[in-house]
Amino acid sequence: MTTQLEQAWELAKQRFAAVGVDVEEALRQLDRLPVSMHCWQGDDVAGFENTGAALTGGIQATGNYPGKARNATELRADLELALSLIPGPKRLNLHAIYHEAPEPVGRNEIKPEHFKNWVEWAKANKLGLDFNPSCFSHPLSADGFTLSHADDEIRQFWIDHVKASRRVSAYFGEQLGTPSVMNIWIPDGMKDITVDRLAPRQRLLAALDEIISEKINPAHHIDAVESKLFGIGAESYTVGSNEFYMGYATSRQTALCLDAGHFHPTEVISDKISAAMLYVPRLLLHVSRPVRWDSDHVVLLDDETQAIASEIIRHDLFDRVHIGLDFFDASINRIAAWVIGTRNMKKALLRALLEPTAALKQLEENGDYTARLALLEEQKSLPWQAIWEMYCQRNDAPAGSQWLDNVRAYEKEVLSQRG
């Protein structure tokens, strides 16, 4: 007997076909766009170094919801549940502080073997891995400077950390058969009026050049650099500004990372994608939700998330844009946060793929802006949810809010035992 879901699917297929959209092709294209989930939502960016260091770098995870992961075993178990509730291809994004070295190791001495468990787990779960050096929450970043530090020894420590991180990233790519995108973000900046804004940027430029001087196979590893407007304790000056990294990525042909929360509240990264793509080979997107500042709230299916997805699809940037998530909310169930945010990103991509873009572009070229606006608004109410639910069913993921039942059961059976 035909189920209600299948009936809705057939009717939705007809509705989209009427506006020239092939929904089966849309689903095939959706599978070309893995979303890289960030491991740090699971433990509030604590990592496994167990030094007791506070979270620094001008970032903040607020809330104290019970049950956060305390070690790699718990974090991977939580991730496995989240992954099972999200349809389609995924990746996992790791920070360097999530290594599993058997003994304490300096960040400048991390090695691929310290991440062997993650690689084996990724293979078992059919995931690609991405990576990040961790230039925060460390005694040598306590004064707010890392790669741009005026002290040669401290700066070299962080240079060596990022160099070591690139080798870990390349190991991921080599082992998993898909390049690891390694993003370099540093918190460097000053709280108050800064007299010499040039020297730290000169040091950062030289440090980055030294870091990327070691040639690595791009089939295994991709370098990305990320700007930021400000952070807590660095309100007046950020060394790695948008202009700095746009210039760096353009001149060195690295990937450029655009984080949705790293600009002025009235700026949106969806508007930056098409401009940046003219000058850099690749973009890494950190999709987040800034509320008045870079608060890293859970991603919603809101206008900006949709606009980001639409830019990727409309300009056929499948092979040049890498989609990552970057939020950390400790006030709600952390597994639910992963599921909500990642499903929303995938929903936005699907909705973009279901848009009759060719027809809309033709109206725009013809100067018929009335019809363009009318059709843009009408297509919002087309039955995309029926397509989403079929996609979930085909990928053995819950179609609707039933996924929350799985999370609640796990919370009762597992998370509640963590204290």
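Count begins at 1; order follows the chain as displayed.
Glycine is treated like the rest: Cβ placed from N, Cα and C.
Annotation source Swiss-Prot lists Mn(2+) binding site at HIS262, ASP294, ASP296.
HIS262 (Mn(2+) binding site) has a Cβ environment of 25 other Cβ atoms inside 10 Å. Counted within 10 Å of its Cβ, the other Cβ atoms near ASP296 (Mn(2+) binding site) come to 27, all protein chains included. Note on ASP294 (Mn(2+) binding site): other Cβ atoms within 10 Å of its Cβ, all shown chains, come to 24.
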